Amino acid sequence: MDSFSRLSIFCLFISLLPLFSSPALLFQGFNWESSKKGGWYNSLKNSIPDLANAGITHVWLPPPSQSVSPEGYLPGRLYDLDASKYGSKNELKSLIAAFHEKGIKCLADIVINHRTAERKDGRGIYCIFEGGTPDSRQDWGPSFICRDDTAYSDGTGNNDSGEGYDAAPDIDHLNPQVQRELSEWMNWLKTEIGFDGWRFDFVKGYAPSISKIYMEQTKPDFAVGEKWDSISYGQDGKPNYNQDSHRGALVNWVESAGGAITAFDFTTKGILQAAVQGELWRLIDPNGKPPGMIGVKPENAVTFIDNHDTGSTQRLWPFPSDKVMQGYAYILTHPGTPSIFYDHFFDWGLKEQIAKLSSIRLRNGINEKSTVKIMASEGDLYVAKIDNKIMVKIGPKMDLGNLIPSNLHVATSGQDYAVWE
């Protein structure tokens, strides 16, 4: 093989790796009610010292643009950051600068599958968009809406490349102008506002090849996509033991999107929140690996306990509230990139317990590709060794036999969990 061929293969290998180079620890810096509290950007500043002390490397901020819904998930004038219910454009820039001073990078919540229009067209349909600038950027019409979104489209756009969305017009992401102007906007969020990366909302709404385009054209420091599909359930209403199809779909999406993006590990969340309810046998797959995405492609998996949708006041798929720390004991000791939720850290009084776990992770160098050796996985007990450095126990069972070597000491513990190092 000549040197050019070797270089080409090396470059291809590098391009398929996630963009972040050092172990990341993500924090979701808002909940479903944050937009209603007034001045969220300014109030979040007060949290920065605690987040820095907990080893947070990236904070996920809410959608920054003008939106019909106060939470930001029905955006319209994408460049208009002064109309956000979370605060002004300058307040956002100041917040990001304050995070940067502590070495914490900021992710914007990118909501681009759909978009709300500014006014009606001649048919009386809301499908005339404005970008929020004095010029014509993102001033789109009905031809920029997916053809099969018949409630809004004029029938001249492309068919939707993903799943439909009923609450607002589905944008035609196969349109080169859409791709160009959305990429320009995201790059503006980086250069003008200071964002470092992205959390992509509802990535099922367009083909993964579209996500690849936006990744290539904006080159974020870190990016994660929300591909939320239901796990499979049995007739008893409980999750099926085998969720390989579910985690396989996440892996396929990541690879189809170019391999440089991560995905929220909804598989691990679904299994874990069932497992902590006396079914810890779920936490090992037939190959002896973790059963979620972290068991097959951990370097591209972002693990979490809850977010603004699953938890908060929406509670669409909440983790058992009395088992949350068992959940954090799992994700903060295991591979993947863990994400900590604002509510748990600040509102639930769990800051110290979570910070102890994150410090153990940091000082032992546990990262997204760490190895896991599962020592026990039964109804009331889960024990695993990570990187041959630390051991974690989850569950009420106290008799561990000889599972924990005598040279390890308890680094932290709580209700039905403990970590040794």
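For all residues, glycine too, the Cβ spot is worked out from N, Cα and C.
Because the structure is a prediction, the values reported are computed rather than measured.
According to Swiss-Prot, the residue from Gly87, Gly197, Gly205 that belongs to the Ca(2+) 1 site alongside Asn113, Asp160, Asp170 is Gly205. Take the Ca(2+) 3 site that Swiss-Prot assigns to Ala168, Asp170: the candidate from Asp149, Asp154 listed for it is Asp149. Across the binding-site residues listed here (Thr133, Asp135, Ala168, Arg199), the residue whose Cβ sits among the most other Cβ atoms within 10 Å is Arg199. Within the set of binding-site residues Asp149, Arg199, Glu255, Lys393, the entry lying nearest in space to Gly205 (Ca(2+) 1 binding site) is Asp149 (CA atoms). Taken residue by residue with DSSP, Gly205 (Ca(2+) 1 binding site) is part of a helix. Note: the CA-CA distance between Asp201 (substrate binding site) and Thr133 (Ca(2+) 2 binding site) rounds to 23 Å.
Take the mean position of the Cβ atoms of Glu130, Thr133, Asp135, Asp139, the recorded Ca(2+) 2 site; other residues of that chain with a Cβ within 8 Å of it are Tyr79, Gly131, Gly132, Pro134, Ser136, Arg137, Gln138. In space, Arg199 is the closest of the binding-site residues Asp135, Asp149, Asp160, Asp170, Arg199 to Glu226 (active site, proton donor), judged by Cα positions.
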